[in-house]
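Novice: Sharing the record's features from TrEMBL:
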{"type": "BINDING", "residues": "A:Thr102, A:Ser103, A:Phe130, A:Pro131, A:Thr132, A:Asp133, A:Asp207, A:His210, A:Tyr232, A:Trp262, A:Thr288", "note": "pyridoxal 5'-phosphate binding site"}
{"type": "MOD_RES", "residues": "A:Lys233", "note": "N6-(pyridoxal phosphate)lysine"}
2 protein chains.
Amino acid sequence: MDLSRAAAEAADATDPLAGFRARFTGTDDDGPDRLLYLDGNSLGRLPRETPAAVARAVEQEWGQGLVGSWRDWVQQSGRIGDVLAEGVLGARPGEVLVGDTTSVDLYKLLVAAADARPGRDVLVCCADDFPTDRYIVAGVAPARGMTVREVEAHIDTGLELDVLARALDERVAVVVLSQVAYRSGALVDIAEVTRLAREAGALVVWDLSHAAGAVPADLTAAGADLAVGCTYKYLNGGPGSPAFLYVRRELQEQLRQPIWGWFGQRDQFAMGTAYDPADGVDRFAVGTPPVLAMAAVEVGARLSAEAGIERLAAKGRALTELVIALADEWLGGHGVAVASPREPARRGSHVSLAHPQAWQLTQALIDRGVVPDFRTPDRLRLGPAPLYTRFVDVWDAMDRLRTVLGDRSHESYPTERSRVT
Amino acid sequence: MDLSRAAAEAADATDPLAGFRARFTGTDDDGPDRLLYLDGNSLGRLPRETPAAVARAVEQEWGQGLVGSWRDWVQQSGRIGDVLAEGVLGARPGEVLVGDTTSVDLYKLLVAAADARPGRDVLVCCADDFPTDRYIVAGVAPARGMTVREVEAHIDTGLELDVLARALDERVAVVVLSQVAYRSGALVDIAEVTRLAREAGALVVWDLSHAAGAVPADLTAAGADLAVGCTYKYLNGGPGSPAFLYVRRELQEQLRQPIWGWFGQRDQFAMGTAYDPADGVDRFAVGTPPVLAMAAVEVGARLSAEAGIERLAAKGRALTELVIALADEWLGGHGVAVASPREPARRGSHVSLAHPQAWQLTQALIDRGVVPDFRTPDRLRLGPAPLYTRFVDVWDAMDRLRTVLGDRSHESYPTERSRVT
């Protein structure tokens, strides 16, 4: 592998997604001191179309259209859901809905799934999964007299299927699992896990937060039953943007989620006496979705769909491959170890590097115009988002990291964590 | 009462809140054909400051600040909550949090309250309450082996306290009730209901959706324990804007809500293994709040706080008094009956008029530049929002309604409901 900057420039020159970069703000500056944003796996960049789309929702739809705009707004959750279904998730129309937070959506689907497996009293989750996933499971289990069975995953390489398989038996009702692990970026095979769970009679609720827009989920092909995910990372929907949920069409009528709100009601504005859940995926809605935030989600979702998830994933593999190769070449001597799967098909679009002073390195990089993030206990996480990150951006960011490690300037930073990422 | 238009003009001339009207968009046109928006009880108007505040959140905070803006964003839910607590709800700092939807917030507090009353197996709600309140209760009860006891309320005049008192006994865990009834506008006394419930050993979860920003809740003075409410009506936070929840300070550490998300976790970014709920009202948070929508809520909340809830309520009483007086004077002969409490202290800031052809009247009014809304079965609901509705607006709207009834033009409209409000 040619690790020269010229090779990175050459990769950008033939990148089929190169044109998408200009559709995000903050990408004009091409100078040597420009900001190198490698935290799109935490909060994606702002698409250039978004300010106008949000302003239109605020000024025309709300300001002028007032309540009359509900004619369109009631379509929003399903319309954006269909964009994600077709363009990003490999699902069918009418299977995805946008609204609520990832945590609330996970709670709804987890309870619905547990209800659909009466007599089973175990919920399985991964000991190294993202906190909110583990916390939601930890809260649901005791409230239902169930117990949690945590499966161990390797902090760098993720969950092994045989470890999961050993945890599955006739007591397991539901498995909650992330497709891409938030720290290491390790990717699990949705089809294989779904098959294992189904053999054991359990349902899986997938968390696609660190995967959606970066790697294909191929939910229909994989036979996946249930999933949730966030839209503010690779889908560039904005800070705290509403999440999505997916329910396989054939399961929708069998499931009932626990929060019976009026947006899940059949013929909602008849305001009937008894709760009667709507047909299809709409029954998984609860309250009034935040329309202004949804306008931003729609722009982001359409951008990823336009780029195509296979092209995004291919570029993500190439970008992270470059991170790993440069880390091996330049940083091994400085105590940096790659803490993500080395096999491209086993990871998402971010890479973690382990270093005892990862927190200080994060601060030093931020002061040098590189935005990564820190993850406990000692990880520097780099997320080159395929829509707007170039190969030269990765090269330059790694070069700045090499410089920091070389001059040891990170050692002057305090050790305590005080920054919110 | 002088029912001339000149008297309405005179009332506007001495209105201490008159200056707030110009701070909303769509209020420039003063011509005889101007839009008369009497649906602020469904979706409040757009404050003029909001587009810039939202644009700042989109372009500066997200577009330029990127993840670094989380330093401020993590304060948003509590900061806006404190504005509402002090300026609108009569609560103390640290008792109100903004985020999620009203339905999800109601679910969280209802389950937390039911958990705090072990051994009790009845949830009380009002048969005529807003659908989502009834549906949430209907969903929670069977999941916990509880039953629902519905108390009847008069469709026009609301819930009588003695009716509620008879429904309260040692089996009742929680009462869910709206301060202002969504259809009639009937207002119940929070302090009295709280006292009755407490005597019976039950907790009350208040829904302040149709009250917040229109009438005082005085939560601290009333001794209220728990409340939720929406911000898109009188608080002008925008379509589907995030809701608020209130938990009395002394109860916070005793309660635990069921959706254990990472935003409710102590030291959230340490991403600890076990869920350990944060101190104070933060433990009632779940997932990442929709930051862009929250920016609009903040503007709306500050406007109502600046106006002062007592002044807003006084003007609301006077505006609805004018609606009732004009309905009596002009419309009684056309089969229109006032379907809201006549005593000013017993209603919020909207009035319902009953008419067999209320649906057609609603459509005819919309075509004549008056926006009310229709509520089943036969109600025309008029919500003059005290922040931006003038007495002459009410007079002119009622005058147009008189004209429609006089020329019977509403009879040419179809009878089926097809419009979303």
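Quick reminder: no glycine exception, Cβ is built from N, Cα and C everywhere.
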Novice: In whole Å, how far is A:Lys233 (N6-(pyridoxal phosphate)lysine) from A:Asp207 (pyridoxal 5'-phosphate binding site) when you measure between their Cα atoms?
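Specialist: Cα-Cα distance, A:Asp207 (pyridoxal 5'-phosphate binding site) to A:Lys233 (N6-(pyridoxal phosphate)lysine): 13 Å.
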Novice: Short of 8 angstroms on C-beta distance to chain B, which of the listed recorded positions (A:Thr102, A:Tyr232, A:Lys233, A:Thr288) are there?
Specialist: A:Thr102, A:Tyr232, A:Thr288
Novice: Could you check which of the binding-site residues A:Thr102, A:Phe130, A:Thr132 is the closest Cα neighbour of the residue listed as 'N6-(pyridoxal phosphate)lysine'?
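Specialist: Considering only the listed binding-site residues, the nearest one is A:Thr102.
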Novice: Can you see whether DSSP assigns A:Thr132 (pyridoxal 5'-phosphate binding site) to helix, strand or coil?
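Specialist: For A:Thr132 (pyridoxal 5'-phosphate binding site) - judged by DSSP and reduced to three states - the answer is helix.
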Novice: Using Cβ atoms only, which residues of the same chain lie under 8 Å from A:Phe130 (pyridoxal 5'-phosphate binding site) while being at least 6 residues apart in sequence?
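Specialist: Result: A:Ser178, A:Tyr182, A:Asp207, A:Ser209, A:His210.
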Novice: Tell me the coarse DSSP state (helix, strand, coil) of A:Asp207 (pyridoxal 5'-phosphate binding site).
Specialist: strand
Novice: Count the other Cβ atoms sitting within 10 Å of the Cβ of A:Thr102 (pyridoxal 5'-phosphate binding site), across every protein chain shown.
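Specialist: So the number of other Cβ atoms within 10 Å of A:Thr102 (pyridoxal 5'-phosphate binding site) is 28.
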Novice: Do any residues at least six apart in sequence from A:Thr288 (pyridoxal 5'-phosphate binding site), in the same chain, have a Cβ closer than 8 Å to its Cβ, and if so which, in order?
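Specialist: Looking at Cβ-Cβ distances below 8 Å from A:Thr288 (pyridoxal 5'-phosphate binding site), excluding near sequence neighbours, one finds A:Phe263.
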Novice: Tell me, how many other CB atoms lie within 10 A of the CB of A:Asp207 (pyridoxal 5'-phosphate binding site), whichever protein chain they belong to?
Specialist: 30
